[in-house]
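*Asks:* Pasting a structure here, questions to come.
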Amino acid sequence: MGGAVVDEGPTGIKAPDGGWGWAVLFGCFVITGFSYAFPKAVSVFFKELMREFGIGYSDTAWISSILLAMLYGTGPLCSVCVNRFGCRPVMLAGGLLASLGMVAASFCGSIIQLYLTTGVITGLGLALNFQPSLIMLNRYFNKRRPMANGLAAAGSPVFLCALSPLGQLLQDHYGWRGGFLILGGLLLNCCVCAALMRPLEASRPGSGPGPQRPARRLLDLSVFRDRGFVIYAVAASIMVLGLFVPPVFVVSYAKDLGVPDTQAAFLLTVLGFIDIFARPAAGFITGLKKVRPYSVYLFSFSMFFNGFTDLTGSTASDYGGLVVFCIFFGISYGMVGALQFEVLMAIVGTQKFSSAIGLVLLLEAIAVLIGPPSGGKLLDATHVYQYVFLLAGAEVLTSSLVLVLGNFFCIKKRPEAAAEEGERHKPPADVRVDSREVEHFLKAEPEKNGEVVHTPETSV
């Protein structure tokens, strides 16, 4: 199909870093908000579902778990679809699926049917929107990419703060069935965002046909030969084991300390409010000229900061201590959210990003299904919330050490090799070479240069 060829991303075109890219950024902001906030927002309907179907909380919690599992676990499928059909068609189909799942859920008569509609169908639709939106953002932004990633990632806390109260309002006025039906209509906005994802087109100087592009694999597994990608994937998988645990248990932790329900629920509001500002700020700082080459170390620091916050949060003995914990956790959580895909983009480059993100999300899906349940089992065995926070903190700290030590010991000689390569091919003194062109040449045409030589930015 022609769309598949265009969406491959012309190797000779420069990222606009603006223009229509701002519309793409807005679409990515909305898609990120729906993808990450929706599994949490539907939890406001759980008590109503428990009363109607006569089930327990663990049964309804599977709805959110299946949504997240579909969002992460279908990464390779999304990569294949994007590489075959292009970003825009895949996102349009995903928006329709997400809406169809929620509309069909409003007519369900059992919890199993809700698993299939809300969990599988809506989850798959959101996955088919989330991954292609990040791919398009990567193609439209280069110089301003860290800032763009931070602004797009801010959609998650913004939509969480909006969708949860909206869901409660819809349930109070229309019941859970009417609420699901209206939310299904809202998800059609994903199709509007898909329409914004206009493929970049390379300008042709002559009227003749352009150069033929080599066939592209539907799922490029060659990324596993990149040591930087392997280290990133291992570190990210370990990180996800503990990253989502504190937000799940902090409200129950507060109630266990005797905090009233309304004040305990306010902790998540504090966390989300801080997160809204932390993500764009982290993206702006990463985009600074002197900071961007060391973005991987900033990402490692953000993971270390998050893990250390979990460890100190385990010592909180009153409501004030938990508020302070949520403030610092919101800062570190926002930094991680803003940097995780920016670092992956810098490692693998534009051409392999669609396959790389799918494989990383698949690995993270396994960790998502292990992390919170393992924390719950530890709590059931000990009835001590501090141990849950200590376990989560240890896992995130371990991931930061894997990333920074793996980068230092496994990739540290790559810049030296790049310097030697530059000396051998050094141009005459009167010829000026744009460093961005060199970086693009090394990333876009690795076949002509043997093994790709990584700079500090493109290495983990």
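Note that Cβ sites are derived from N, Cα and C of the backbone, with glycine treated the same way.
From TrEMBL, for reference:
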DOMAIN    21-418  domain 'Major facilitator superfamily (MFS) profile'
TRANSMEM  20-39  transmembrane segment
TRANSMEM  60-85  transmembrane segment
TRANSMEM  97-130  transmembrane segment
TRANSMEM  151-170  transmembrane segment
TRANSMEM  176-197  transmembrane segment
TRANSMEM  229-252  transmembrane segment
TRANSMEM  264-282  transmembrane segment
TRANSMEM  294-313  transmembrane segment
TRANSMEM  319-341  transmembrane segment
TRANSMEM  353-372  transmembrane segment
TRANSMEM  384-405  transmembrane segment
*Asks:* Based on Cβ pairs under 8 Å, which of the stretches 60-85, 176-197, 264-282, 319-341 lies most in contact with the transmembrane segment (151-170)?
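*Replies:* Checked against 60-85, 176-197, 264-282, 319-341; highest Cβ contact count belongs to 264-282.
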*Asks:* Do at least three CB pairs under 8 A connect the transmembrane segment (60-85) and the transmembrane segment (353-372), leaving out pairs fewer than 6 apart in sequence?
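*Replies:* Contact between the transmembrane segment (353-372) and the transmembrane segment (60-85): present.
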*Asks:* Do any residues, 6 or more residues outside the transmembrane segment (176-197), come within under 8 Å Cβ-to-Cβ of it, and if so which ones?
*Replies:* 23-24, 26-28, 30-31, 34, 38, 42, 45, 48-49, 52, 87-88, 91-92, 94-96, 98-103, 105-107, 118, 122, 125-126, 129, 132-133, 136, 167, 170
*Asks:* Quick one: do the transmembrane segment (294-313) and the transmembrane segment (229-252) have at least 3 Cβ pairs under 8 Å, skipping pairs fewer than 6 apart in sequence?
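*Replies:* Yes, the stretches contact each other.
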*Asks:* Within the domain 'Major facilitator superfamily (MFS) profile' (21-418), what mean pLDDT does the predicted structure show?
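*Replies:* Across the domain 'Major facilitator superfamily (MFS) profile' (21-418), the average pLDDT comes out at 86.
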*Asks:* Between the transmembrane segment (229-252) and the transmembrane segment (20-39), are there three or more C-beta pairs closer than 8 Å, counting only pairs 6 or more apart along the chain?
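*Replies:* Between the transmembrane segment (229-252) and the transmembrane segment (20-39), contact is absent.
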